[in-house]
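Down below is the structure, laid out as structure tokens.
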Amino acid sequence: MDAKTDDSAGKCPFTGGGRRGHRNRDWWPEQLDLDVLHRNSTLSDPMGEDFDYAEEFKSLDLNAVIQDLHALMTDSQDWWPADFGHYGGLMIRMAWHSAGTYRITDGRGGAGAGQQRFAPLNSWPDNANLDKARRMLWPIKQKYGRKISWADLMILAGNVALESMGFKTFGFAGGRKDVWEPEELFWGPEGTWLGDERYSGERQLSEPLAAVQMGLIYVNPEGPNGNPDPVAAAKDIRETFYRMAMNDEETVALIAGGHTFGKTHGAGDPSLIGPDPEGAAIEDQGLGWKSGHGTGFGADTITGGPEVTWSQTPTRWSNYFFENLFGYEWELTKSPAGAWQWKAKNAEATVPDAHDPSKKHVPTMLTTDLSLRFDPIYEKISRRFLENPDQFADAFARAWFKLTHRDMGPKVRYLGPLVPKETLIWQDPIPEVDHVLVDDQDIAGLKAKILASGLSVSELVSTAWASASTFRGSDKRGGANGARIRLAPQKDWEVNDPAQLAKVLQRLEAIQGEFNAAQAGGKKISLADLIVLGGCAAVEKAARDAGVDVKVPFTPGRMDASQEQTDIDSFRALEPRADGFRNYLSGRQFMMPEEALVDRAQLLRLTAPEMTVLLGGLRVLGANSGGSEHGVLTKQVGKLTNDFFVNLLTMNTQWQPIADGTYEGRDRKTNELKWRATRVDLIFGAHSQLRALAEVYACGDSQEKFVQDFVAAWTKVMNADRFDLA
């Protein structure tokens, strides 16, 4: 028999001869994706489960790192020469763009995990040539190793850049732990860089997005879709920065402060730029945007398009940005790369060249810079900063600190000697524990009082879940600590059933008051702790009533925040548009219900099995918002049984959609109505992976495992914001 001569036969897939087979999502693109629940696990982390980054950072000689960063700033490299002999502008841009992906709607993005190292962020058009900044930092990262993460180092480099150019920063906190794989986020619907299919109606930006185009951090510097209209650009700026948790004053300070330093790069034809880092040749070793214009670097650098230097002293802090903005009239022009920008009319050449000390240029601005003059609200702030440079410096220092620390969560997570003493409202402050904590005997007595208070299992579980499940692992906000569920805006959220919530809180506050008044020696219990304890007591009772004795772990130490410590507008972003665990869906939700469930589970840092067991347990405990019976597939509400899974998976029930978008489950033989459910419920029988998980808990021998797994997942959510326990 002749040997096969087909050239494709036997080729090794790692040498280019193989082809990637179709994945499941290629065949079924609408399939619910659970992969997001299992990313950044210990399997992808080379540091090992015992690695404690906080302890490593505490042992770091931070001053030595800062000294090395200072030296780096003026150590110009031939392979990527520094503009004006100083890498400060480049490092500020790197830090800014690392932090600037943050969005308040879901708390995702930001600098907290060093994601700029990975695709797609490392190859976004707006991040062009920041690969060079990170390579500049590599010798320092290599020197200090595990003691400082990439995430911390990138932000610290931006801070040191500012300090090295004469600006006094507000402070710096370490504590950002690196991840080791890219985060799969929804950055927009577009399939091309700089696409803008994210708008509807009168330029209504889709949620949860903040940037105006795919691959941009903020707005298009040439104006909306390249239209050089400063007033129209101001609308984009305001919306984008608001979605990044910045008000108008912070926005003006950040734009003007950042543009006091460095320059943009548009020296030539952008078509001469090579592939981004992810698309570059293997021999380029992760460096992208190789340019065929002149030398490709230095004076020939092409990054975005505009060729703008804002200040006469681009390596020193000054007020030149505002002095130039208001001191000249501006005329529209184009950069050598063909991008819209503005130059000062009838101006002398007072701005230095980045690489030739014999050259000078007239001041230039971006369309989005002029927005700070021609938008009436921004203009008032800008003139105040022009006339009061000290106010400008303070506003920029505070806004920069907020920008670079917004996604780190509460102050208890901050590390290092440079942490500011001042506590800021956007840090969601919670008082430090100021009393003796309850002991096991106290806890047992309080549980008995709670269960004898007349509150039902459903009411106690619902309240504890509502309090704790606001936690977002993305920006470390929310959670049960602080008991903000009793404060505006959370006490009035529809999903929290305000009338029922008020009743539960009133009775728990009475128990709290009676207990605290009877104590000596400074012992107390906070309402935050009591809310969680009530939920734990209810879960124990529900399990006991279902035939399983279990102790739900409870660790006191939460405190109660005040209304004055709570930024109402900021906390509105945490209001659930959907909570599949409570079968709640508002009219403002922008995902399919089952997608929203997975999204919330990911924010809670739950795995697919944890999501499954929690939902099934909460259904039979009667924790649905509004008392809805949808998905309550049991005749024993309030008992922690596996009935949800048993009744969902039985073939005795046939499900049919009805007009309101929900489903009826009828007996196959008699057509008798047995249950009502939503897509969030039925997905656990329809989705093959979720059905496999549901089957585990529907088995005849699974009741005890179901209870134990539910308790473990419940405890994880109750303690999600207990950074003091980590």
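Cβ from N, Cα, C; glycine included.
Here Swiss-Prot flags 1-25 as region 'Disordered'.
Taken from Swiss-Prot, the feature site 'Transition state stabilizer' covers Arg93, and the record attributes it to sequence analysis. The number of other Cβ atoms within 10 Å of the Cβ belonging to Arg93 (site 'Transition state stabilizer'), over all protein chains shown, comes to 24.
If you take the C-beta of His97 (active site, proton acceptor) and look for same-chain residues 6 or more apart in sequence within under 8 angstroms, you find Gln116, Asp126, Asn127, Leu130, Ile217. Per Swiss-Prot, the feature active site, proton acceptor maps to His97; the stated evidence is sequence analysis.
Mapped onto three states, the DSSP output places His259 (heme b binding site) in coil. Per Swiss-Prot, the feature heme b binding site maps to His259.
Of all Cβ atoms in the shown protein chains, 25 besides its own fall within 10 Å of the Cβ of His259 (heme b binding site). In this structure the alpha carbons, written CA, of His259 (heme b binding site) and Arg93 (site 'Transition state stabilizer') are 10 Å apart.
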